[in-house]
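According to TrEMBL, the feature domain 'Orn/DAP/Arg decarboxylase 2 N-terminal' maps to 39-279. Annotation source TrEMBL lists N6-(pyridoxal phosphate)lysine at 55. Annotated active site, proton donor per TrEMBL: 350, in sequence order.
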Ligand SMILES: *Cc1c(COP(=O)(O)O)cnc(C)c1O
């Protein structure tokens, strides 16, 4: 493991000052978030549109802090659609996801989602039928989501692959071609192609995907005499939990997109990262309840656990953390402690899977010390199984 994450002073100050009754606490550093988003925006070519994939962290405070830096939001359910529209009214929404229901599509039409990413022929026919019920309204702008085959080894490094192989996501490229005749006479307007093939990729792999999707979209447009000028190349920019200081190489990625745009005049490129925008600015702060040694190994049991922060269990990593030592120990008996040894940080759940970090060397860790888990700003609280065991929910703090 790399050196511990450096906890920014304002987060450390807040985490230390929180009353014990407020722990565990999610602390989101909105200033750091805005800084990260501004850097990403600055690295991308000006004409590339940056959308934020809301499912990574849909907290309204997060959505609003990103608003000055993004062109819009990608939403993947009717719930997200209504929530994001309300939190950041007036900013464009792209509605994707497999298995959209008729009420969800009706909601998208009613709320005027700026783009709908169509994932199957069935969905296309349903959307066309719903749009036909609204004759006075503007045409509905859509992208076809396509599951293109991956180049050799291209998605090998991915943490999650949604495409590039058989999957329920998007259209097989041949089926996408077969969709085109279905558009005739409908109130749907095909603006381009969407592809989100995998999450957890580095800049070279994502640039290769972007180039292939763009070439495919352009060729499709030419074969059918369509001006398909929009290409949404998805999200999936990697975050590395083993290296909390590292960032996705936005500079290289932006330079690559600029080259791609130069090769395809008139192209409107869009990217929609989730985790890479919000992961680094979120913290999960808690305290050590107990330290014990079991069969020669040290365990620190913290308040809370994977029912609040499921990310390390779901992804199989150690969540990076900083220790905030506290000197107060008011009990009349010795303070349980681990000294200069590897410690496993587990939670309060009655399952051996409730582990936040495994066998991580620490200089000292004592009952009552506070722990700030880093990189807890994406796919954290909102993917966790909150109700298991009925422990209290964390408190939430947004520092601006
Ligand atoms: C989840 C998702 C994203 C964002 O993925 P990250 O790995 O968080 O960047 C973008 N687009 C689509 C269609 C998604 O499903």
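Cβ coordinates are placed from backbone N, Cα and C, and glycine is handled just like the others.
These figures come from a predicted structure and were not determined experimentally.
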Around the C-beta of the residue listed as 'active site, proton donor', how many further C-beta atoms are within 10 angstroms, looking at every protein chain?
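Taking every protein chain into account, the count is 8.
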Over the domain 'Orn/DAP/Arg decarboxylase 2 N-terminal' (39-279), what is the model's average pLDDT?
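Mean pLDDT for the domain 'Orn/DAP/Arg decarboxylase 2 N-terminal' (39-279): 95.
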Can you tell me how far the Cα of the residue listed as 'active site, proton donor' sits from the Cα of the residue listed as 'N6-(pyridoxal phosphate)lysine', in Å?
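For the residue listed as 'active site, proton donor' versus the residue listed as 'N6-(pyridoxal phosphate)lysine', the Cα atoms are 28 Å apart.
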I want to check the contact list for the residue listed as 'N6-(pyridoxal phosphate)lysine': same chain, sequence separation of six or more, C-beta distance under 8 angstroms. What comes out?
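The list for the residue listed as 'N6-(pyridoxal phosphate)lysine' reads 75, 76, 80, 274, 379, 382, given in order along the sequence.
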How would DSSP class the residue listed as 'N6-(pyridoxal phosphate)lysine' in three states?
helix
